[in-house]
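I have placed the structure first, in the form of structure tokens, so that the comments after it can refer back to it.
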Amino acid sequence: MHLKIDPEVRRALQGKRPVVALESTIITHGMPYPENLATARSLESQVRAGGAVPATIAVIGGVICVGLSDKELEWLAGAKNVLKLSRNDLPYAIATQKIGATTVAATMIAANLAGIRIFATGGIGGVHRGAETTFDISADLEEFARTSVAVVCAGAKAILDLPKTLEYLETRGVPVIAYGTDEFPAFWSRQSGLKAPLRLDTPAEIARFLEVKWSLNLTGGAVICNPVPAEDEIPFHEMRTFIDSAVDEAERYGIKGKAVTPYILARIVELTGGRSLRTNMALAQNNARLAAELATHLQ
């Protein structure tokens, strides 16, 4: 099945112990080296501290690897020409034996194949600005509607059109749950000015929600929005200036498709003097902690 499950992950799944999936584009496309490696290791540590087993996912040598060794993490963090994989090109990477990092969509697919129901990431993809003319909409949103894996995130990446992203998720019947807040978080910022569709206040409540959803045969995932810790956030009004500048540059330089998000994120790191990178690392760790709690309650 082109799937290789790490022995520790396999034992945990067979023993009905909690497992949390982790994506790999945050390593290869989301952060520079060596911060990417430090973050990858930290995310796995946070999951372990929460009583779950981490399963970082990537495509290596034509195989979907569910769970990476520390040596593999280190190698991936420094690898060049790594493909950024979604549903459409996951088979291509396997068939041609390429190296590929999994986006939210591809990680959900791999997690589902392995029997993992909880996945922690930084922020999800969504509807890009200007999508009414470009039709640039992340495949992540369709994956939420079809694959039964719950994703813990800090909301959608704030570089996106957040109102349209929420509308799209509603249209596709995807539950969007804000953890302990009435507001839809905006990645680097706790607030976006948008009301969250649903609110739940404990991991146990979220786990119960997921159990009910899936018991009703309502296939598809759920977006669990976990606001960045207050001490680590950059307020939305402040981030908006940096985002607008980076988005305008990307348009001016003709950057399109899968290159857009990595370019804008890297440019925002420069514009914020590294603050956005530190916030990104903090929110990812915060999401890993919540995902571990949630996975424990789902057992």
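A Cβ is built for glycine as well, from the same backbone N, Cα and C atoms used for every other residue.
Note that the structure is a prediction, hence the values are computed from the model and not measured.
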Which of VAL66, VAL104, VAL127, VAL152 belongs with LYS84, SER138, ALA139, ASP140 in the substrate site listed by Swiss-Prot: VAL104
Cα-Cα distance linking GLU23 (active site, proton donor) and VAL104 (substrate binding site), given in Å to the nearest integer: 7
Substrate site, defined by LYS84, VAL104, SER138, ALA139, ASP140: further same-chain residues with Cβ within 8 Å of the Cβ centre: SER86, THR103, ALA105, ALA106, ILE124, GLY125, GLU143
Rounded inter-Cα distance in Å - SER138 (substrate binding site), LYS157 (active site, nucleophile): 11
DSSP three-state assignment for ALA139 (substrate binding site): helix
Which of VAL104, ALA139, all binding-site residues, has a Cβ with the fewest other Cβ atoms inside 10 Å: ALA139
CB within-chain contacts under 8 A for GLU23 (active site, proton donor), separation at least 6: THR56, ILE57, ALA101, THR102, THR103, VAL104, ALA106, THR107, PHE119, THR121
